Structure formats: structure tokens, C-alpha cells
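According to TrEMBL, the transmembrane segment annotation covers B:6-24, B:59-81, B:93-114, B:126-147, B:167-185, B:213-236, B:242-260, B:272-292.
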């Protein structure tokens with residue numbers, strides 16, 4: 001087996017090959033991408049924990065290196081599952097989209113190189129370097145989507161930069177204070193740090209990179225714009241994988257630098273700083289849920305739901321006990337898989353219909369049944385309903401909050417969870433059910449190449465929902481490694497202090513219930529099949545069935561309750577326009593058409609420099 | 001053994017549930033000074049509906065109904081009926097609540113699959129109403145779970161040896177009962193069905209067998225909802241006292257519902273989030289500081 005460094009180099013040089021291959025033949029380039037990412041998945045799956053590689057030296061006495069930890073391996077496996085399946089999907093999808101296929105394929109490989117580096121970094125600076133590589137790769141892909149995507153890319157880059165510069169600032173502060181950067185050394189220095197203020201600053205600034213990336217309030221606004229406008233298949237990677245890099249940094253800032261040991265307990269053993277982050281998570285859940293209910297654009301709807309799920313992950317990780325931390329990590333897995341499923345099914349819908357507006361579609365189930373099945377299982381998992389895996393993590397998070405007696409957070413997670421039934425149902429009803437529009441009569445199901453990855457994800461989420469042991473094994477080893485009491489489970493039974501449940505029993509019982517219903521359905525007389533145009537209308541004569549489909553303003557009655565909500569997006573827009581007008585003023589004073597103006601300003605600057613003697 | 005127990009639970013749900021629905025129709029009729037149908041009317045209704053030939057709107061319509069009934073049957077199997085517990089130790093409350101959502105989702109999907117906008121409006125209202133009642137209910141129940149340090153329903157029931165939870169935590173009990181009215185879709189919370197406005201909402205396109213299966217689903221879901229309330233709040237019971245308590249709660253809910261008008265849907269959510277939710281938080285606070293009677 002090659003070393004991780006070589007793997008990353010393979011991806012970086014592979015991007016060049018991929019570019020040329022895709023120029024020659026789109027499909028060939030995408031197959032190359034898929035093979036490479038699938039190899040990376042195989043590689044990461046088999047890699048030994050504890051594997052160490054020296055990389056480069058940026059600062060004197062600091063060895064920048066890669067090290068495989070349980071946490072990194074867990075995230076890397078999830079990411080590469082998502083990436084390799086989406087790459088398979090792209091093989092067919094790339095025939096139609098995006099605008100620059102060659103560059104698209106090349107940048108994806110650059111991004112993967114960054115992603116692998118991030119999860120295996122052993123110190124703060126290496127993580128930053130690879131983080132920026134991943135951001136660069138993804139940032140350049142975003143503008144290949146719709147018309148307004150260029151703006152979306154800028155917003156993405158700026159928000160990401162806010163987080164990563166804060167992170168970098170914390171990194172340099174640590175370096176100047178202790179002279180070390182690797183995670184274990186930093187954490188041992190932090191444990192002996194007398195100044196509480198410094199600890200707060202370090203943890204919060206490092207966490208802010210994760211906050212920006214996983215779309216936690218107040219840096220959540222980019223998700224709607226970027227996920228909504230990125231190329232359709234890439235949205236699956238954005239929401240299913242890249243956002244999880246944020247969760248990884250949050251996990252590092254909370255558990256690798258053990259927050260419960262660094263700070264005093266504030267409420268039921270949870271330190272104040274965790275509590276603060278949990279509250280940010282809470283606000284994200286509320287914003288994500290209620291804004292998702294309002295959306296008419298299906299991709300933006302799920303983008304908002306990613307904000308809410310990012311909140312869930314943060315709440316779970318923030319509690320920092322055995323069950324809550326496990327719930328947070330399990331939710332990383334679940335949301336990655338569910339978001340990938342949902343965005344891929346949307347990509348398939350857009351591939352065939354060319355629109356993302358919910359009220360412009362309807363009845364697609366009759367033309368694209370398998371895409372519908374993917375979406376259905378995706379939302380069942382996203383809404384956390386058994387027997388899919390989505391329920392397991394939500395159950396863990398609820399349990400953790402309940403044992404800690406955090407009733408307000410518990411109420412908010414319930415709102416998020418019931419609210420998710422509302423928003424996931426909207427595309428289900430609007431896009432897939434109801435009457436088929438006349439313009440979509442000719443729509444066909446997408447080809448098997450696109451269906452296979454979607455159905456693999458379906459199988460995966462149901463399988464883990466019935467038999468969660470593989471994921472729980474990984475999580476338990478992470479917890480053991482970090483020094484949290486590992487989660488208890490035996491076979492398919494998961495235990496907490498509040499009780500236990502058996503995934504297999506639940507599934508068996510569900511299957512039994514379904515079989516009973518099926519038997520009842522079969523023994524009684526068969527119904528006559530009628531068209532969807534044959535309806536009870538209360539006596540009205542219908543002449544246009546396109547208008548009969550109820551999809552516009554689906555939840556108008558509840559949206560009305562918070563129509564005039566305060567918005568951070570508006571605040572950011574105000575800030576942006578403020579800086580823009582400031583810039584115009586400065587421009588008006590300084591920018592002169594004649595060269596003499598420049599000479600004047602340059603001489604002023606030189607004078608100041610002499611005066612201050614820098 | 002487990003199979004027998006599951007069968008016993010389901011058969012109880014079927015026979016007792018349908019009987020009780022018939023009785024409550026009689027009770028309501030008497031309040032409205034009518035004579036009312038006989039107690040076995042609901043058996044007649046279900047079997048008559050099941051035996052007719054109706055219409056179907058395609059496979060998703062059929063599948064939705066199967067998922068609804070299947071999901072609710074699965075949920076009911078986990079609910080302890082007094083000392084009749086099909087899965088001892090595995091009757092986790094969160095499981096029951098979330099498995100119940102399978103039924104709701106199946107019904108919603110099938111009914112919207114019928115393509116009638118009245119059905120879609122009804123489903124949208126039902127989901128919104130769920131956002132209303134679920135939060136105060138879960139918080140009041142969470143306070144109980146926090147107090148007894150368990151999430152297993154039968155353990156919660158057995159923990160009430162000295163005194164019923166309803167008397168230990170009266171505010172939580174009231175909140176749970178108000179939420180129960182919403183769950184059951186009883187007036188004033190019958191907005192999703194609202195026959196005069198949206199032609200019975202989700203049920204608008206149902207006929208024959210499909211109607212019959214959904215009537216069964218409705219009976220089973222009543223059993224889940226009221227049964228949980230009885231188990232959690234009304235003390236230790238064996239199979240027979242459970243049924244007795246069940247009857248009392250169900251008739252009480254019917255009495256209240258038969259004299260009240262209907263809320264508008266946004267009023268439902270506003271009401272639930274203002275009054276019962278605040279009360280639920282007060283109850284949770286009481287539990288946290290140890291004020292349990």
C-alpha cells in the first residue's frame with residue numbers, strides 16, 4: 001500500500017490527468033474520477049489506526065505530519081463513501097451538466113485531496129493547509145451551476161474564510177505561546193494553562209471554523225445560497241460531505257481538546273463553553289427548520305435542513321457524555337447518507353425536468369418511481385423515523401439531553417424533529433405526488449448508472465438502521481480513544497441509563513405489521529383503478545388538471561405566524577452594502593484618473609513610513 | 001410467547017377499540033339529544049366498508065395505506081396494556097412515538113397520492129397540528145422520564161406504586177391530556193378533518209376497502225395514544241384495570257370534544273405553544289428543583 005502522502009499526491013496529479021481525459025471524453029474522465037475515489041475509499045477502509053507520516057516543516061522545530069486517528073478514519077470513511085457514490089452518479093450526469101466538465105472533474109479531485117488531508121492531519125497547521133485546498137477545490141466548482149452561482153461562490157468563500165482565519169489566528173496564538181502545534185501536545189499544554197480567557201479564546205476560535213463550515217448560526221446563511229445554486233450532483237457532496245468537515249473540527253475543538261476537563265462544569269457536568277455552542281446549535285435548528293418550511297425551491301429547502309442537522313450534530317457533540325457524543329457522531333453518518341440520497345434524487349429530477357421549483361412539478365412518481373423511492377427513504381432517515389438509521393442518532397441525542405435535564409434544548413430538538421416531517425413532506429407532495437403536469441408527460445426515469453448509487457445509499461441506511469453495529473463499533477473505539485465512556489450495545493440492542501431498544505425487533509415488528517396490512521389488503525375485494533383526474537371536486541367542473549395540484553403555499557397557514565421574522569441574511573446584506581458605500585467614498589477620495597494623484601498618495605505613504613520607522 | 005402476546009395486544013385493540021368507539025358515538029349522541037347508533041355500529045361499518053369494491057388511485061395510494069396500517073400495528077405492539085407487555089424492556093417511549101410517525105407518514109403519502117387538493121390541505125394541517133401538540137406532550141413526558149430515570153413505558157407504569165404520576169405532577173398530566181385531545185383529533189382540534197371546510201381532508205378520496213383499513217388504523221392509533229397516557233400517568237394497572245382507565249379517559253375526551261367548536265389551524269399551533277408548552281416547562285422546572293408531590 002502507498003502512503004497517505006502519496007495518495008494525496010495521486011489525487012493532485014490525477015486532477016491534471018482527469019482534466020485532459022475529460023477534455024477528450026467526458027464519460028472517460030468521470031470514470032477515472034470514480035475509480036480514483038473508490039480506491040481512496042478502499043485505502044481508507046483498510047488503513048491502520050496510529051499510522052504516522054512526516055510531511056513538511058513550515059515553522060522551525062515543528063514537524064507537520066499526518067496521523068490516522070479513530071476520529072479521522074470515521075469521518076474519512078463516511079466522506080469517501082459519499083464522494084465515491086456521487087462520482088459514480090456523475091459518470092452519467094456529466095453528459096448534460098455542468099458548464100465546464102473538465103474543470104469540474106479536476107477540481108473534484110483537488111477537493112478530495114484536501115479532504116483526505118484534513119481528516120488525517122496531526123496538527124493544527126497541516127489541517128489548515130488541507131482545509132484551504134478542499135475549500136479551493138469546492139469553491140471553484142460552485143459557479144458552474146446556475147446563473148447566480150458566481151455570487152454564491154463568493155459568499156461561500158467569504159464565510160469559509162471568516163471561520164478559517166479565526167482558526168488560523170488561534171493556531172498562531174498557540175504557536176507563539178507554547179511553540180507546539182500537534183493535537184496531543186496542544187491539548188496537554190492547554191490542560192495546564194492557568195488563564196481561562198486564553199482557553200476560551202482558543203476553543204471558540206478553533207470551533208468557529210467548524211461553525212462556518214457546518215452552517216451553524218450565525219454563519220449559516222451561505223448554505224442556502226451555495227447549496228441551492230451549486231451544480232446539482234455537487235450539492236450532494238457539499239451537504240453530504242464538505243459540511244461534515246465542519247463537524248470534524250467541532251469534534252476536535254470539543255473532544256480532542258477535552259472541554260469537560262479544561263473547564264469547570266456549569267450545568268449537569270456540561271461546561272459553559274459547551275453550553276454556549278449547544279445554544280448556537282439550538283438556534284440553528286430553529287432557523288433551519290422554520291426557514292425550510294417556507295422554501296419553494298427544493299434544493300434550498302434541503303440546504304436549510306442541513307443547517308438544522310448541523311445543529312443536531314453540534315448539540316450531540318456538545319453534551320460530551322457517552323451517549324450524546326455517540327449520537328452526534330452517528331448523526332454525522334446519517335445526515336451524510338440522507339443528504340446525499342436526497343440531493344442525488346433531486347439531481348435526477350433536475351436532470352430530467354430542468355427545474356428546482358416545487359410548484360412547477362408534480363406527479364413525477366409515475367415517471368420516476370426509483371428516484372421517488374430514494375427520496376422517500378432519504379426523508380424517512382432525515383426525519384429520524386425507524387427502521388432507517390436516522391432514528392438511532394436522534395434517539396441517542398434525545399436520551400443524552402434527557403439524562404442531563406436540558407429541557408429547553410430537548411424541546412428545540414423536538415421542534416426540529418417534528419418540523420422535519422413538515423418540510424420533507426413538501427417536496428414529496430409537490431414534486432412526486434399529485435397530478436403530472438402536461439409538460440412532463442414525456443419524462444423518463446434516469447438511467448441505471450444514476451440509479452445504482454442512489455439505491456446503494458438506500459440499502460446502506462436501511463441496513464445500518466437494522467444492524468447498526470459497524471458504525472457503533474467505530475464510534476465506541478473513538479470514544480475509548482478520546483477518553484469518554486464508550487457507548488453500550490450488544491448485538492442489535494443499544495443501551496443507555498434510561499433504557500434500551502432493539503433495532504432488529506423494531507424492524508421485525510414493522511415488517512409484521514406491514515404483512516398483516518398486506519394480507520388484509522389482499523383478501524378483500526380489489527379496488528378499481530381510476531386516473532388521478534377522476535376526483536371528488538364538490539361539484540366543480542375541472543378543465544385544467546395542471547392547476548389542480550396543491551403545491552404553492554403548502555404551509556401558508558403556519559408561515560403566516562412568522563412572516564416578519566428577523567433575518568441575519570438581511571443584516572449581512574446591510575453590512576455588505578455599508579462596506580460597499582464606504583469603499584465608494586474611499587475610492588472617490590483616493591482614486592484619481594491622473595498619475596499625479598497617485599504620486600501624491602505614494603509620497604504621503606512614504607512620508608508616514610519614514611516617520612513611523614517601520 | 002411473544003407472538004401470542006402481540007396477537008393479544010392487537011386483538012384487544014381491534015375488539016375493545018371498535019366497541020369503545022361505538023359507545024362514544026352513543027355518548028355523544030346523548031349529549032346532543034339524539035338516540036345514536038348501537039354500540040356495535042363500528043364493527044358493521046368496518047366490515048361493510050371492507051367488503052365493497054372501491055376505487056384506487058394507483059400504487060402509491062395502496063402502498064400509503066399499507067404503510068399507515070402496518071406502522072400503527074407495529075407501534076401498538078410496543079405499547080404495554082397494563083401488565084400485558086409484548087416486548088418487556090424494549091418498550092422505549094421514543095420508539096413508540098417515532099414508530100407512530102411511520103403510520104402518519106404513510107397515511108399522508110397515500111392520501112396526497114390520491115391527487116385531491118382537499119387531501120393535501122388536510123395532510124398539511126395534520127402535520128402542522130402535530131408540530132403543535134407534540135412539543136408540549138414530549139416535554140411533559142420528558143419531565144416524567146427524567147424524574148423516574150427511565151424511558152421504558154412499563155417501568156414508568158410500575159414506578160407509580162405509591163402514587164399516580166397524575167397526582168405527583170398534575171400540571172404535566174393536564175398538558176399531556178390537552179395534547180392527547182390534539183393527537184386524537186378531537187374537537188377543538190379536529191382541523192385536519194374539518195368535514196364542512198375541506199370535505200374530510202385526507203379521507204376525501206377513500207372508499208370501500210381503503211376506508212375500512214384506515215378505520216382500523218384509526219382505532220389502533222387511538223389505542224396507542226390513550227394507552228400511553230394511561231400507562232404513564234394513571235398508576236399501576238393490570239390488563240383489566242388498564243381497560244377500565246382507558247374507557248374513562250376516552251369517554252372523558254369524548255365528553256369534552258362534543259361540546260366544543262373548532263379552532264383554526266394557526267390558532268391550534270399558537271394555543272399549544274403558548275399555554276400547554278409554558279405549563280410543560282413549569283412542570284419540568286418543578287421536577288428539576290424537586291417539587292414533586
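Numbers run from 1 along the shown chain.
Cβ coordinates come from backbone N, Cα and C, glycine included.
Curation does not apply to TrEMBL; its annotations are automatic.
Owing to the predicted nature of the structure, the values given are computational and were not obtained by experimental measurement.
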Surrounding residues of the transmembrane segment (B:126-147) on its own chain - C-beta under 8 Å, 6+ positions past either end: 93, 97, 104, 108, 156, 165, 168-169, 171-173, 175-176, 178-180, 182-183, 185, 189, 191-192, 201-202, 232-233, 265, 268-269, 271-273, 276-277, 279-281, 283-284, 286-288, 292
Surrounding residues of the transmembrane segment (B:167-185) on its own chain - C-beta under 8 Å, 6+ positions past either end: 129, 132-134, 136-137, 139-141, 143-144, 147, 160, 192-193, 222, 225-226, 229, 232-233, 249, 253, 256-257, 268, 272, 275-276, 279-280, 282-283, 286-287, 292-293
Chain residues outside the transmembrane segment (B:93-114) and at least six past its termini with a C-beta under 8 angstroms from it: 57-58, 60-72, 74-75, 78-79, 120, 122-123, 126-127, 130, 134, 138, 141, 145, 151-153, 156, 202-206, 214, 217, 221, 224, 228, 232
Cβ-Cβ under 8 Å with the transmembrane segment (B:272-292): same-chain residues at least 6 beyond its ends: 132-133, 135-137, 139-140, 142-144, 146-147, 168-169, 171-172, 174-175, 178-179, 182
Surrounding residues of the transmembrane segment (B:213-236) on its own chain - C-beta under 8 Å, 6+ positions past either end: 10, 12-14, 16-18, 21, 42, 45-46, 49-50, 65, 68-69, 72-73, 75-76, 79-81, 93, 96, 100, 103, 107, 141, 144, 153-154, 156-158, 160-161, 163-166, 172-173, 176-177, 180, 183-184, 203, 206, 242, 245-246, 249-250, 253
Surrounding residues of the transmembrane segment (B:6-24) on its own chain - C-beta under 8 Å, 6+ positions past either end: 37-43, 46, 73, 76-77, 79, 81, 84, 86, 216, 219-220, 222-223, 243, 246-247, 250-251, 254
